[in-house]
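Asker: Next up is a structure, given as structure tokens.
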Amino acid sequence: MSDKLIIFDTTLRDGEQSPGASMTREEKIRIARQLERLKVDVIEAGFAASSNGDFEAIRSIAQVVKDSTICSLARANDKDIARAAEALKPANSFRIHTFIATSALHMEKKLRMTPDQVYEQARLAVRFARQFTDDIEFSPEDGSRSDMDFLCRVLEGVIAEGATTINLPDTVGYAVPEGYAELIRSVRERIPNSDKAVWSVHCHNDLGMAVANSLAAVKLGGARQIECTINGLGERAGNTSLEEVVMAVKTRRDYFNMDVGIDTTQIVPASKLVSQITGFVVQPNKAVVGANAFAHASGIHQDGVLKARDTYEIMRAEDVGWTANKIVLGKLSGRNAFKQRLQELGVQLESEAEINAAFARFKELADQKAEIFDEDIMAIVSDEEQEHANEHYRFISLSQRSETGERPHARVVFNIDGSEQTGEAEGNGPVDATLHAIEGKVNSGAELVLYSVNAITAGTQAQGEVTVRLSKAGRIVNGVGTDPDIVAASAKAYLAALNKLHDKAVQKINPQI
């Protein structure tokens, strides 16, 4: 009989810590809904005590997602845990994930606490969390570099207090598969009450072994939960990729003898959504979700696949959600057809007014390009949700003039808190002139550190998707804009990034777990 492997997604918490990957509340809700469609077991929606923005995002997700357990991170103190419980209150099912560092280095230099103090605080934190839920996860931060005897003492203590999941993180991505699996196995064998908890792993990819370490811990160490993110999103080199561990376990069920509850046909839609929202492009040769993951260029391979797919394909593209682009709607399509397609794509707009506004954008786009694809519709929805996000800056219109031998000129009209502003400037090119026209009015002082353009679909009529990354005072944000006109998409992306910079939420606490 096979065991169940729990998939714990932390895209919205640890994934968001990747520089530039900060998301709005509305964007987090969209991703959470997609994770629910993916049938993720646990969604770590954020760190409630880190900022009011995270608290509100967690509470909103708890209100709308009903089929996955919603989790908030909390430091091992009453204030953090109570804040997490308050944010999670609307959820059908919720978990509190509390943590404290257990390595000698962290205890001495960061916490300035003795081992006995850390042991007691860990136990008291779990005991306090039990007032709110029976589903409690505990993580010993920097556990892989902790003294084994002390680590086992702490974990035995928190299990005795009611912790139901124990997570042993490879905080700095230093572990190797056999050694990490042995750590999990040894700790489980040394703790007399280890059978009272589910054992979890959380790996970082600094040495490119996050997936390998996680799978080794499952196969050889007895772990039954993997903490991961869509596309491996995360700070530094990223986290364990959800899509890779899930498909490894499903494809090699003969080896792992594990079941996962994931609807794998939702993997590619989830990957595309996270990429679109964060602006982090998926590399073409990325396993499972890369554009070339199922492409065969070799003539020998192509011949084999045509004769029998399993000659060179160990999994089918359609099983993970890859589908050929379909023309789904056109300029003669009506509102009901548009609404039906939104439902098929899993998009839930909050009101009829938002559906009407999105449909109006669709009709505008249909006048500009004859063929409308699913990716176009998703871009429309993304733009529409940004319009309803109480933006400080909002794009209205753009005009430009460019002739050979002359410097391009741009005129941008946009709102600042509802007040219409017009910026004009010249530049080295149309995009440069446009961004200077905006910056001349807002004077943000932000540094442009990345500008990239991608076509959403094939063909010369495709919408362009522009990603702009801005840096200011140590904060890095991404903005994404879409439009058939690349220059207009650039203006939208720049204003979207400025909106995130304008967010007055206190800089969040980003724990290294």
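Any Cβ shown, glycine's included, is placed from N, Cα and C.
So Swiss-Prot lists the following for this protein:
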BINDING   ASP14, HIS202, HIS204, ASN239  Mn(2+) binding site
DOMAIN    5-268  domain 'Pyruvate carboxyltransferase'
REGION    394-513  region 'Regulatory domain'
Asker: Counting each residue once, how many in the region 'Regulatory domain' (394-513) are helix, strand and coil under DSSP?
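Answerer: Tallied per class, the region 'Regulatory domain' (394-513) gives 30 helix, 51 strand, 39 coil.
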Asker: Taking the recorded Mn(2+) site as ASP14, HIS202, HIS204, ASN239, identify the other residues of that chain whose CB atom sits within 8 Å of the mean position of the site's CB atoms, giving them in sequence order.
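Answerer: Apart from ASP14, HIS202, HIS204, ASN239, the close residues are THR10, PRO169, CYS203, ASN205, ALA210, GLU227, CYS228, THR229, GLY234, GLY238, THR240, ILE513.
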Asker: By a simple count, how many Cβ atoms lie within 10 Å of the Cβ of HIS204 (Mn(2+) binding site), its own Cβ left out?
Answerer: 26
Asker: Within its own chain, what residues at least 6 apart in sequence put their Cβ under 8 Å from the Cβ of ASP14 (Mn(2+) binding site), listed in sequence order?
Answerer: GLU44, HIS202, GLU227, THR229, GLY234, GLU235, ASN239, ILE513
Asker: Would you mind checking how many other C-beta atoms are within 10 angstroms of the C-beta on ASN239 (Mn(2+) binding site)?
Answerer: 30
Asker: Over the region 'Regulatory domain' (394-513), what does the predicted model average in pLDDT?
Answerer: 89
Asker: Inside 10 Å of the Cβ of HIS202 (Mn(2+) binding site), count up the other Cβ atoms and send me the figure.
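Answerer: Its Cβ shell of radius 10 Å holds 26 other Cβ atoms.
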Asker: Where does ASN239 (Mn(2+) binding site) sit in DSSP terms: helix, strand, or coil?
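Answerer: In the DSSP reduction, ASN239 (Mn(2+) binding site) maps to strand.
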